[in-house]
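These notes are about the structure you will find just below.
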Amino acid sequence: PAPPRLAGLGYGSLWLRLTVTPVGTSGFSQCVREQWEEVPQLGESRFGSLWPLPQNVVISPVAFMLRSSSFQIVHSAESSAGPGCSILQSAFRRYFEYMFGYTKNQGGNTKKGQDSEVTELQVWITSADSECDAYPSVTSDESCEFPEPMNFLIFFTCFLFACFYTPLLLLGLETFSQLVYEDQYGAKKINKTDVQDFPRFAHRGLLLDSSRHFLPVKVILANLEAMAMNKYNVFHWHIVDDNSFPYESTVFPDLSRKGAYHPYTHIYTPTDVKMVIEFARMRGIRVISEFDTPGHTQSWGKGQMDLLTSCYSGENPTGSFGPVNPILNSTYDFMAKFFKEVSLVFPDTYIHLGGDEVDFTCWKSNPDIQAFMQEHGFDKDFKKLESYYIQKLLDIVGSTKKGYMIWQEVFDNGVKVRPDTVVEVWMGSNYQEELQNVTAAGFSTILSAPWYLDYISYGQDWQRYYKVEPLAFKGTDAQKKLVIGGEACLWGEYVDATNLTPRLWPRASAVAERLWSNQNVTDVGDAYNRLTQHRCRMVARGIPAEPLFVGYCDQEYKGL
Amino acid sequence: THTHWILFMFLLTLQRVAPGGEAGVWPMPRKMSEGSERYALHPQGFSFRYGRDSSAQLGCSVLDAAFRRYFALCFPENTVETDRLSVSAGHGELTANTVWGALRGESHFRDLIIRLSRNLFLKIEDFPRFQYRGILLDTSRHFLPVRTILKTLDVMAYNKFNVLHWHVVDDPSFPYQSQSFPDLSNKGAFHPQSHVYTQADIRKMVSHARLRGIRIIPEFDSPGHTQSWGKGQPGLLTPCYKGLHPSGTFGPVNPTLSTNYNFMGRLLKEVSTLFPDPYIHLGGDEVDFSCWKSNPDVRMFMKKMGFGTDYGKLGSLYFKNMMNIIETLNKTSVVWQDVFDYHSSPKSLDVVEVWKAGCYMCEVRRVTAAGVRVILASPWYLDQPGPTHEWSRFYTVRPLAFTGTEHQKRLLIGGEVCLWGEYVDGTNLAPLLWPRASAAAERLWSDEAQTSSVSQAYPRLAAFRCKLLRRGVQAQPLFVGHCKHEYEDL
């Protein structure tokens, strides 16, 4: 859905496009030379470096020491999770290392348990089923509430926090680690703090595109790590597209063998995919795969004969191909087998089916399709043909017991879809009107239109993403409830491992706070102060997040 | 000048190579003729040697180091073995007037090897279009770790850049650690220990650059852009006034005090010994006169000197004094175009750097008409991001397309890519710089007529960018596509 997704054009025509302003992106120009936003004055936030800002937080001036030699993160006795919970065990170690680095035994051997020292962080899963071995789901967040006695509590020597389910508890650990700071002597401290927290939106997603450029697994994992730091909980993996098919299918191995940039070095093997899913699970992140059809499928055609429509010029095939051929039974046999595999490989309850930017010209040119149209009484309305295809596809995917997400065109074209379909709104112009229409029709929706991070401009464009209010459309409360979240999209035309991470962070952090924090958290100045520190924290944790403006971090980026 | 003969010995292996594919030679050499035969190089059989009649021989530090470096680049560990058809011994020759020429000619030789797809007896005649091919890095707005700068120098060499214009200090921070005035960085750096360049750091950079044929020109920008200087050197900056009282803020260097020139003299003397290059950049851009105007002492001085209300004359006076200092240090000074614009005797300037947007060619014409040398930077401000296909914007610049005599054109000594630091630090510098700066590199090196087509350059640049990835450079993609070896780090 990124406007500059230019299907099937070779380099020869590239240069024509250089001056073309993408369609449907009013307000975004590809390179805005003037300063976009004002540069706020940098100062200290009363909320320190917390990002995204919790729903309720009171930080008292009373500070406690934390020492790596004595501090421990443990399961509380009442918790339904214990040392057998590998998600939490891994998270304990990860956050211990974030907080203390890899140095052990700093602070000498003063007696354990001084009044001013926190020696324990107890975590407590209150639900009977901790979900330790489950995959995070769309309900993991929503069911989690923090009744009064269950927020962060201060005891004399330990912090306790509790949460209903495991995934949100991971986010609590993140919050805790963000509260730890160094005093002027380099000692770790944490202030007495009261936090009650829950996300504003259940779906906080990030789209990465591994088709236009192949993204090595290492880069994907690093960005999952950064997502956890920003409380993102959905990785929308736009895994294949026109340009390449890096997903290695066990049922149809030719798809990647012939459709990937390279059949060995530029693919995701089943093991790679498992690794990504497990790495994400350990961080409370869902992986929703997108297999976009019927358009954006040029690369599919290389490994699957007759899947795509032959385009015609007059009476003769031109040798080029268009969208998936919707009139052949073989197409649906293929899709059934393929999506069966996909539904088993990706455990999440949702699959993204794409459905954007279907170009009808090739269908129009094909005599078999013309005949089929006539036969079915579609007249010249190719939207009906698209509907025909999508409905058959939805039936196929529905039979795998998965829910599905689609891009907004499917809705716009009047395709009949199941009522629990999630519609993703991506088109830049009038997205509020679209939200209004989609929710009025009773569909859940995800907003990504204002958060296309592949558009870059000079200066602090994070403010533009920050200032978006997703519910600012006209509609009833019931309609607003149907907006289940949003997604930051980083399309891959100009992005690969070399520049993905600094381009994404901390710009995607702005979106993260909008999706997590309370609607009334809109103070850009305060956000700037916190985000500057949050960015430095990401850098210290090894994420090359680019600077917001002039300045420095105590610990500059060590990589490269 | 001396002639250097460098002889390459290698096993010559005729072999089948798939046709097609660009070798990614960048920037384009002047003349290159390709034979149809292909030869393979084997690490066991290949060596770099000095020619018998070469005036440079073993012990020439620059070339000795270059041989080792380029050998490693030619034969990465996992070089794929290929079938041999027949083997015979052969050699290639590279002739250059100086070691620096040899370095850059050699770059081409290496380019041809990596793909094992070019005739080694091909003739390359090559020389740069402009003698000054620079990159500006800004270490004041963000501190750039030494390692980041060293790595950038490596990539500059691959692109045949030969000048690092180091904008060391500016308003936000003063990371240069001075021996004579340690307080400048103690108080003016972001952090006095972790965010400074020690003298040892600088010597290391200068030597690293020298081995790659790169000059480092330091810039100590004054009298404006000096807020960070004031923290460690009381009395240096002009106190601004509000009415009759100092406002507590400070403006540019106070040009009325002789103590300030003494300070500058001592600082620049230290700088000039640390940086061997004959050029020093004195800055001089964006001097805000309003603080000078507000200060009663400065006004009094203006009156005494008979300057009226022309603060440009005060700026001129400041630069006359600064240039006297530079002259006693036997250095050549470079200044930003602002100095030329307000200077009362602009012809006295040595080198002027044109940076402002708008009709920069008009400025180039004016400066060269005054007989002053020019470095052109305006069209190559890279810090403004954008999708990388912008590279064509940097590529299609025509630096000599101004009306002027032959003599005037010769006064344009080169150009410079500027990556200012507002939004740039070690996290994103490399992808912002490469391969966009490569576009400018070719413009400054190659023949314009041979390299005027963006669409012809595109596949070559894309191949060169993949080559950069292979060498571990974080060069961002030009557009959709892939490289055989992708960048694997973060």
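Even glycines carry a Cβ here, placed using N, Cα and C.
Between A:Cys132 and the candidates A:Cys31, A:Cys85, A:Cys163, A:Cys311, TrEMBL annotates a single disulfide bond, the one to A:Cys85. The CA atom of A:Glu357 (active site, proton donor) is located 17 Å away from the CA atom of A:Cys311 (disulfide bond). For the pair A:Cys311 (disulfide bond) and A:Cys85 (disulfide bond), the Cα-Cα distance reads 55 Å. Cβ neighbour density within 10 Å is lowest for A:Cys311 among the disulfide-bonded residues A:Cys85, A:Cys311, A:Cys536. The separation of A:Cys362 (disulfide bond) from A:Cys132 (disulfide bond), Cα to Cα, is 49 Å. Comparing the recorded positions A:Cys132, A:Glu357, A:Cys362, A:Cys553 by how many other C-beta atoms lie within 10 angstroms of each C-beta, the top residue is A:Cys553. Taking Cα separation as the measure, A:Cys85 (disulfide bond) is nearest to A:Cys536 of the disulfide-bonded residues A:Cys362, A:Cys536, A:Cys553. A:Cys536 (disulfide bond) sits 50 Å from A:Cys362 (disulfide bond), taking the CA atoms of both as reference points. The DSSP secondary structure for A:Cys85 (disulfide bond) is coil. Recorded residues A:Cys362 (disulfide bond) and A:Cys553 (disulfide bond) have their alpha carbons 54 Å apart, per Cα-Cα distance.
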